[in-house]
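K.L.:
Please find one structure pasted underneath; my questions will follow.
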Amino acid sequence: MPGGQREDLEAGLRSGPGPGFEDPENSEVALADPFDIADTKNASHETLRRWRQAALVLNATRRFRYTLDLKMEEQKDQRRRMIRSHAQVIRAALLFRMAGEQQLDLAAKVATPTDIGAGGDYAVGLEQLASMNRDQNVSTLMRYGGVRGISDLLKTNVETGISGDEADIAKRRIAFGSNTYPRKKGKGFLRFLWDAVQDLTLIILIVAAAASLALGIKTEGIEEGWYDGGSIAFAVLLVIFVTAISDYRQSLQFQNLNEEKRNIQLEVMRDGRMVNVSIFDIVVGDVVPLRIGDQVPADGILINGHSLAIDESSMTGESKIVHKDHKSPFLMSGCKVADGVGTMLVTGVGINTEWGLLMATISEDTGEETPLQVRLNGVATFIGIVGLAVALSVLTILLARYFTGHTRNADGQVQFIRGKTSVSDIVDGVIKIVTIAVTIVVVAVPEGLPLAVTLTLAYSMRKMMADKALVRRLSACETMGSATTICSDKTGTLTLNQMTVVEAYVGGKKIDPLDSSSQLHGSVSSLLYEGIAHNTQGNIYTPKGGGDVEVTGSPTEKAILSWAVKLGMKFDEVRADSKDIHVFPFNSEKKRGGVAIKRANSDVYIHWKGAAEIVLASCTRYLDLEGNLQSMGAEKESLKQAIDDMASRSLRCVAIAYRPLDADTVPSDEESLNKWELPEDNLVFLAIVGIKDPCRPGVKEAVRICTLAGVKVRMVTGDNIQTARAIALECGILSSEADVAEPVVIEGKTFRALPEKEREQIAKKITVMGRSSPNDKLLLVQALRKGGDVVAVTGDGTNDAPALHEADIGLAMGISGTEVAKESSDIIILDDNFASVVKVVRWGRSVYANIQKFIQFQLTVNVAALVINVLAALTSGDVPLNAVQLLWVNLIMDTLGALALATEPPTDELMHRSPVGRREPLITNIMWRNLVVQAVYQICVLLVLNFCGKTVLHLNDEPAEHANKVKNTMIFNTFVLCQIFNEFNARKPEEMNVFAGVTKNNLFMAIVGMTAVLQVIIVEFLGKFTSTVRLSFTLWLVSVAIGIVSWPLAVAGKLIPVPRTPMSRLCMKPFKRCKSSRAS
């Protein structure tokens, strides 16, 4: 088992010791820690409030900007209720506002009607439609002539839709508006600037700078007196501006990602053909098919539907499923299809719908807590408390030394003499001391630490888009780095989802050639065409001027329809010959779908299509090639053998069957018909088709990479167990035929029947699960999590939503996935490709590694800066690094350091490690070793320069004040250059070659180069501001040489062995023993 999994306890409760087991003492400590939220995916609001209150924060506005707004849901509910009550008033206010912003032209994002009271070219007006939709007034609908009457008024056709040409669409947008809404504008740059100013320490420094400026000008005149206060003010402003720019750029990235999330693609019927359009391009008059899991894209009226059930909780706030039929035909935008199928006519779009008004009046809250953010708040709080204690110590010592007459100027004069020193000099001296103490707090409290997570996540999310992964929840990026197992679908993820019928059995005999109908009797082909044409959610469009037919639908549907067309099926004619009276949509639990049809002569037939062995089991007779009914008998065994033979060759097997039904048994009223269950016994077998779906190129390599990375790939599919086994062998998920015994390869029903304890034990061994239902997938996820695994799950159907929600990382498919599946997921795989899932794992590990690099770099700076200032203050009563210098160091460390290290691209080495346990210490023993080696070196060098600098640098013959300034400039310069060189070391905490791939990271090179250039400018040209003097070429060489030593020192340090037990645990052992002995 991967090593990273050993500490992972949070995935669920365990039945006993095993992987991830931790002693009760550890658990008790974990429970007491407010920053221990290992999985924030389902964390309660109370838990989130607890860690925020425990954090030491200098600027809460900035620190918690990208975290969850705990008041947002309450506000959303209030807005929803208000909109339902005052929709007209709110819409009028929005239109007024939009008019003021001059957004009424067609080129604008939100197109609104020119005259809301008139229909223009249409016989019905927007206001009339909006009122009917809002009140869900069936009598008004009937007055217009029902749905067909409305369609005539809107110049559309309920069968073929609108014409779809650009002029028609533009006209409809002018008359009824577009399916967009004005969004609340994101924060402008000035708001980010204001947020950056909220930092308490920066406010104190600005006040101190203002006081210092006033005193300086008063005592020394404006020419010389403004430097001290002005330089601090300039440094503070620089920090504020750089912080605001960095935050503003991140905010723009998040806004772009939110746009991608909102841009849903869906099918509409235009001019008789199905076309894919963006949800924003829907117009009034469009005919839209609805299937399980779809989002209702606009307000509309049901044209026809079968067992259609809508989840209206997003609009009404009540988790109640509403059944839609001709008595209740109104559909609200933003709701989800919970069950059944249907077709709707769009009658309201954009802000003319309640959903549009809701979206226009609330700002979307994309914030959330990520486990790393929470843990880094803990680290930042601990360091902050230490820094605060150090700053208070320095403040106390410096004030005590000052008022007892132990503080001297550079020329040796005592700064404070009781009764002689003026009040302005005392105030000036105290301000300088307070400024130093406050600046130490600025450096010590690493506000940038939790924000570095946001920075690296924003960078990773943008790059992951290029790798075909759209991140819906930030924390999923991190958690994916800890994933120990991926439960993947087969179809479309491991395979290409490009299906073709390659084998077929009709009437018990194999058809050869495949597309020849000459072997079939007329009655056989007629029943076969009827079953295929009616029992489908697909469609066939035949161009009026001739040409190739266009087949739409799911890949399986397209394959079967295409085969039937080659046999000679006339889709439109077959559909016109009979009428659907009830539809049972394909169900992933039952693995089949059916339809009841009534022919022109009033004969009723039930047609079923689904998993071959399940449909075949319900068949008692079959129709032979001559059109004669035969009893199944021995033929069933030969057909089962044919299914097994096709499945072993990776073919998906689908059976088609029918049965005649007495018309008197069909319910006559609509309500009873909706509840009617189609008979599924005594079926007559028609055909079995074998559908080939080839493995994706590169999937075998992707599975191999996962295995090397310690991530177990499991296939969970609804397909036949033989098909699943064959594909798993082809993809490399199963290494050989020897691995195919149970429980390595298991059927869903077998797994589901096991007792819970046994399921947990068996789950670890499962590699392939065939004929699984969505509930089986959920049970597998729960069992794996209880066993300590960090589970990623792929899913595309509505019924996959519980498993996607339960998993540590839910991965929905962007092409084949329903909107319900996507909303339950954490990441959407835009190309449905398993290789993209592996790239997400790589990025997840990169996020964690980059944060660790930044922590190592920042803590080295913190430790060195704090120790040197404290020791200098204790011994000499002065600090070598002044306020302006410390602010520059803070800028290098916080914002620029985060930009440089948090945006390192992922490397192949990341996939040669085991997954990172989510309870593993954030600061590893390797990091502690690197940190201590560099910090001790820097402290030693700086202390030598501070106490022996004049001798070492041959400055004893220089004037005391000048010598002191050269010494302090040298300390400052050396310290900054040490950080610049150490930034390279931080890139590769475990590797000897810290320069590998450095030239590929242009941002890192640019930031390091810019920092070095700015340091030269500060020392050589801004001495008045930073209290530095120009250094000679020799002293620059000495500074660079001292900095460069950190490189060989890092190599030497990596030869020092470190204990396997984390340092934090070693340090806690005495406390635990003490606690245990007290308890006993």
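From the backbone N, Cα and C atoms, a Cβ is placed for every residue, glycine too.
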K.L.:
Quick test of your reading of TrEMBL: among 342-369, 482-509, 622-649, 762-789, where does it put coiled coil?
P.N.:
622-649
K.L.:
Sequence-remote contacts (6 or more beyond its ends) of the coiled coil (622-649), Cβ cut-off under 8 Å?
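P.N.:
Same-chain contacts beyond the ends: 503, 505-510, 519-524, 527, 612-613, 616, 684-686, 688, 690, 719-723, 725-726.
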K.L.:
So if I exclude everything within five residues of the ends of the transmembrane segment (1003-1023), which remaining residues of that chain have a CB under 8 angstroms from its CBs? That is, six or more out.
P.N.:
888, 892, 896, 899-901, 903-904, 969, 972-973, 976-977, 980, 983-984, 987, 1029-1031
K.L.:
The transmembrane segment (1035-1056): which same-chain residues, six or more beyond its ends, come within Cβ distance under 8 Å?
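P.N.:
Result: 929-930, 933-934, 937-938, 941, 953, 966, 970, 973-974, 977-978, 980-982, 984-985, 990, 992, 994.
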K.L.:
From the DSSP assignment alone, can you count helix, strand and coil residues within the domain 'Cation-transporting P-type ATPase N-terminal' (143-217)?
P.N.:
47 helix, 1 strand, 27 coil
K.L.:
Can you check how the pLDDT averages out over the domain 'Cation-transporting P-type ATPase N-terminal' (143-217)?
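P.N.:
The answer is 83, the mean pLDDT of the model over that range.
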